[in-house]
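Here is the structure we will look at, set down as C-alpha cells.
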Amino acid sequence: MDPPRASHLSPRKKRPRQTGALMASSPQDIKFQDLVVFILEKKMGTTRRAFLMELARRKGFRVENELSDSVTHIVAENNSGSDVLEWLQAQKVQVSSQPELLDVSWLIECIRAGKPVEMTGKHQLVVRRDYSDSTNPGPPKTPPIAVQKISQYACQRRTTLNNCNQIFTDAFDILAENCEFRENEDSCVTFMRAASVLKSLPFTIISMKDTEGIPCLGSKVKGIIEEIIEDGESSEVKAVLNDERYQSFKLFTSVFGVGLKTSEKWFRMGFRTLSKVRSDKSLKFTRMQKAGFLYYEDLVSCVTRAEAEAVSVLVKEAVWAFLPDAFVTMTGGFRRGKKMGHDVDFLITSPGSTEDEEQLLQKVMNLWEKKGLLLYYDLVESTFEKLRLPSRKVDALDHFQKCFLIFKLPRQRVDSDQSSWQEGKTWKAIRVDLVLCPYERRAFALLGWTGSRQFERDLRRYATHERKMILDNHALYDKTKRIFLKAESEEEIFAHLGLDYIEPWERNA
C-alpha cells in the first residue's frame, strides 16, 4: 500500500499541459445530452484520465473536467464503490442526485461502440455493506441478502441477466464445462450449482464474509472464490484454459453434430485443429457433421435478437400456411430475454389434433426446400405416449416430434444494424429447432424448452425431493395420489408444486 500523502514526499513531477484533452466538451460536439461523465483521477493518473476524456469527447460524450451537481456518471479505475463514496464525501461539491458509480470498462465499451452501452452488474462499482452501514447510522436495516434464506433450488430464486458476479460465474462455467468434457458428472453439477446461485445474487462478492449462508458453495468452490478475490484469477481455471484436451474438445464440440464421443475419438487420433480433421481422408462424417463444417463460420457466430425475430416471422408464415390455428412460441434463451444466442428454438402446438398436424413439420421442410431456405434438416418422429410416466432423470430429453435444421436467412429480412453478417454475404445460416407437441401438454413443453438448463434441473429435483412428484417436458405426476396433474399454463405447474411463479426472464440460472 502506498504511504499516506506520498505525493508530498516524492519529487515534484512536471504537470502536463492542459491541452484540448482537458478542455470541456463544446455543446456542438455533444451527442448524448442526458449523460454527463466525470472520470476520477484517483488510482488512474493524470495522463490516462486525459487520454480517456479526449477519446470519449471525440465520440460525442459530455465529459466534465471537475465534479459538479450535473454529473450523472462517475467512472473510476481500481476503485470500489466505497472508495468512490469516500472520495465524494471529502469533496466540498454537493451532488444533487446519486450518480452512477461505474468501472472504467463501461466507458471503454461506450467509446468502442460510439454510443452509451447498457450498464450491467460487471460495470457497477460495489459499495461494501459494512461501509454503508457505518456511514449511515440509523434504525436496524434488513439483514444482508447473504444471511437471509437463499434456496438451494434455482426454481426458488429469481435470476435475471444482471449478473453481479461474472468474474466468479465465468470461472465456474469453465470448470463445469471441463468436467462435462471429462464426463465427471458430480464435479460438473457442483460447479454448475455454484455458478447458478452466484448469478442470482443482487450484490457482488468482495470478501469471503459475503459467502456466509449461501448454499451450494462447498469448500472447493469457496477456495476458488477466495483465490479470485485475492489474485483476480483462479489458477485452476488458468490451467484448464491452457489444457490441450480442453481446448481440443471446446473446438471440436463447436461443430454442429459433434459430441463428446466423437471429440474423444479425434483427440485420441492426435487431431488438434479442425483443418486437420476436415482434410483427413480416413474419417467418415455424418450428414449433420458435414453441414456443421460447411456452414461453420455462420453457426459459431452469435444469433442476434433481430435475426431470431426475422426467423420467427418466417417460421410463423410457414406453419400458418398449413395450420392457421397453430400457436408458435419462441423459447430458449430469447424467451428469457437474451439478446444473443447460438440457435433459435420454437414450440408449435394446435388446439385441433389432426393428421395435418402430424405432417406439419415435413410440409414446412418441403416448402422451405422449394423456396431455397433450407440448408439441412433432421426430422425426429414422435415417440410420445400419453400414459407414460415422466422421466426421473433431470436431464431427460422429451419424446415430441422435432426437427433440427439449418435455416438460410436472407439478408433483406433483417435490419443490417442488428445482424452479424460476413461482409458480402446475402444470407446467413442459422440453427433452428422446431418442436411439435400435443395441445394439452403445451404448458409442460413450454416450461421445459424455455430453460435455463440449471433452472429445469432444479425444478425437476425440487418436484421429486420436496413434493413427491415427477416432472418432465410431457407431464407432472403426483406419486402420492398416483395421478397426472393437468395444467393449462406454466403458472398452474408452479402452483401444483407450491412454488411462487418465476417469470421467464427470471429463469437465467
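Positions of Cβ are set from backbone N, Cα and C atoms, glycine also.
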Per Swiss-Prot, D343, D345 bind Mg(2+); matching candidate in D280, D415, D433: D433
Feature motif 'Nuclear localization signal' in Swiss-Prot, mapped to one of the ranges 11-17, 242-248: 11-17
Spatial neighbours, same chain, of R335 (2'-deoxyribonucleoside 5'-triphosphate binding site) - Cβ under 8 Å, 6+ residues apart: T329, T450, P504
Long-range Cβ environment of G337 (2'-deoxyribonucleoside 5'-triphosphate binding site), under 8 Å and at least 6 residues apart: T160, L161, P504, W505, N508
Protein Cβ atoms within 10 Å of G333 (2'-deoxyribonucleoside 5'-triphosphate binding site), excluding its own: 24
Tertiary neighbours of H342 (2'-deoxyribonucleoside 5'-triphosphate binding site) (same chain, Cβ under 8 Å, six or more apart): L299, C302, V303, R431
Surrounding CB atoms that lie within 10 Å of the CB of V344 (2'-deoxyribonucleoside 5'-triphosphate binding site), all protein chains: 26
Neighbouring C-beta atoms (10 Å sphere around the C-beta of G448 (2'-deoxyribonucleoside 5'-triphosphate binding site)): 24
